[in-house]
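Sequence annotations record features per position, and here TrEMBL assigns compositional bias 'Polar residues' to 1-12. If you look up TrEMBL, you'll see 1-22 marked as region 'Disordered'. Per TrEMBL, transmembrane segment is recorded for 57-76, 132-153, 160-179, 191-208, 220-242, 248-271, 355-376, 388-407, 413-434, 446-469, 481-499. Taken from TrEMBL, the feature domain 'Major facilitator superfamily (MFS) profile' applies to 59-504.
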Amino acid sequence: MRQWYSHQGHQKITSEEKNTVTTMTELSPTAGKNSQDIQGDEKLSPRKAPGICSTRYGIAFMVHLCNFIIMAQNIIMNITMVAMVNSTTHQPSFNDSTEGLPIDSFGDPNNSPKSLPAGAPVYDWNPQIQGIIFSAINYGMILTLAPSGYLAGRVGTKRVVGAALLGSSLLVLFTPLAADFGLVFLTATRILQGMSLGLGYGGQFAIWERWSPPHERSRLCGVAISGLLLGTSIAILLGGIISQTLGWPFVFYIFGGFGCVCFPLWCVLVYDEPIAHPWINITEKEYILSSLAQQVSSTKQPLPIKAMVRSLPLWSMCVCCFSHQWLINVITIYAPTYISSVFNIDIRNSGFLSALPFIIAWVVCLLGSYLADFLLTKNFRLVTVRKIATVLGNLPSSTFLLVLPFVASNYIIAVSLLTLSCGLGLLCQPGIYVNALDIAPRHSSFLMGMSRAFAQLSAVLAPTVSGFLLSQDPEFGWRNVFSLSFVINTLGLIFYLIFGKADVQDWAKERKLTHL
């Protein structure tokens, strides 16, 4: 069979191959059938392409590695804060230290972390200042999440995410020096780091417009995005150990340096599309390009902003992402504090126990993504798979959190519910978080960045509202926090179940140009 592409990269299609493309067009989203009816390998490609050892999975692994690095760099401030201050009553979101960070140091302002390296500087930051430092990175992320998706769609994921990886790594290396310069320098550094992380989070999805066959989107995106969870787990496990043995500045030096080392690998191994990759197998190249023939446009399409604003399927995806992120923020920030206040046991003092929910979430994310693609091969409609994954990632997690205040007499059950709630929440990954690739593949990079920017608002609102509820009602405050989270999560889920779609929307289809 003649190759489809010449050495210069121009497409050559024989009459026989035109018949193949015509057959595929009948299955495409722009033909009579919806894209959600596309099932199985044999309907998408004229030949079987390499599997997990293929180039596209190598790309997924590199994005996984990048996510691992930027998420670890995101949370290390939460881990090192206990060692950076000489007195605090503020409990950070993550802390895995057992030795040298006794429980008393969290509750007694006269106690400070012990057994820390003598050369590590210590600062007099009250809880309010610590809150400013923690939140600064979120404000930076909100600024760049949506624009990063659009930018990556224009100039490519390789450039945008590469710049984010290098920028975040350099800023992390600079963080200890910025802390010495003062609060203003440190806050500015954190905001800039948040902007870099926003570029990385929102800009990575454009690569799957040209690398992921429709029936492999869940698993490829799952492999890539699961790096965020693994990065969280490893940072929690190692951050406290490094802080105690070498000093807290070395946590920033090690994770920042690792990012700088991986930056050249990203530049050499990652390409924005199969046709530009110098080492891809020709069979795999034909397989990917043929499966995306009716979804990827060779020309840049303008954003149909008005149609997007009026699109209920798009709004349902954004609202459900927001409600799910509200749940995740409450779980990671307040559920461990609840366990500590009820049982007088701070689970943050156990590195493994703190990392366990994220390790489980990492496994669940990978298995759930593969399960979603498996269901597509068993004649499940695409919209059904997306909604099943979204339900499984929302309802059990929010229910477990709702039940948490009613099992206050049993520590093991409470911690188990917390762990399962966090772990099962990642079943949403092959649901709402990849839905933009279904409803608007040509604009998915912008939409995925925009939906994450909308969801990131929960990182600001959830702690504010939850803190208000806890301060207003000491007796039933926790029950109110978890009940509100359940209600918000359920409403977002219902909205998505009613209006969510998985077929390409009319406003997302390629516009035909009339030639004279």
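Each residue, glycine too, has its Cβ placed from N, Cα and C.
Small disclaimer: the values here were computed from a predicted structure and weren't measured.
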Name the range, of those listed as 57-76, 132-153, 388-407, that has the largest tally of Cβ pairs under 8 Å with the transmembrane segment (446-469).
132-153
Does the transmembrane segment (132-153) reach the transmembrane segment (388-407), going by 3 or more CB pairs under 8 Å (6 or more apart in sequence)?
no
Beyond a gap of at least 6 residues from its ends, the CB atoms lying under 8 Å from the transmembrane segment (355-376) belong to 39-40, 96, 215-219, 221-223, 225-226, 229-230, 232-234, 236-237, 331, 382, 384-386, 388-389, 392-393, 418-427, 429-431
